């Protein structure tokens, strides 16, 4: 099994390159693909900070790279973009593809504890395996300077991973994140199946709960949320997170964007703001 990444695609964009890689993941027990956008390099010794993007339900590693337009700002800011997949694939676990909001394409960036779903360990894949793989195989990346952002389920992943690893990431942002999964249908379905019925285990992957636990956050958290998003009131619940941040004195910039929905049109509209938010945090002080 080849754990070293093999390049399977390359396209030039804004002076840099979108490159897709495949590797065997020991963490997940299957082959995985991911994208890196390498900005143009001023010299052979240049090292780029990395910005991880976590995608939402049903997505692969391709959606963000193809649809977001993030490469323009990443190119000018000199930031490498890393886009992993959203779950293990090809394991043929019974029921893994029965619904769009659980199983394949819906890993929720946690480490499953239930035997049937034991390979669903996207938390360890994103936080441990992928950064190590990048630092060992891509000398042009400076993985010690890292930030993280994402959309919907990926926004949930970015916020929870950041809050639990403040030493590893310089900044976080999110679009339409699932910030209080223990209180919404998507989260309750996923957590029941992946983590079992003990609600205390669920709280470890709930950003609204974690804010009260890890509140020594100094960098402002940026969240963009469309106010015409059909999932706003029953699944996303940004005001619960806003309240928790206020109570914990955590700096949050929550921008409700009038007329925008849950789509990549919304993501592309505000992507430059997010890239700049992270580039500022990643620049050498």
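Please read every residue number as a count from 1 along the shown chain.
The backbone N, Cα and C atoms fix where each Cβ goes, and this holds for glycine too.
A sphere of 10 angstroms centred on the C-beta of residue 152 (active site, charge relay system) encloses 25 other C-beta atoms. Taken from TrEMBL, the feature active site, charge relay system applies to 152 (among others).
For 229 (among others), the entry in TrEMBL reads active site, charge relay system.
Same-chain residues at least 6 positions away in sequence with a Cβ under 8 Å from that of residue 262 (active site, charge relay system) are, in sequence order, 152, 176, 226, 229, 230, 231. Taken from TrEMBL, the feature active site, charge relay system covers 262 (among others).
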Cβ-Cβ neighbours of residue 229 (active site, charge relay system) (radius 10 Å): 21
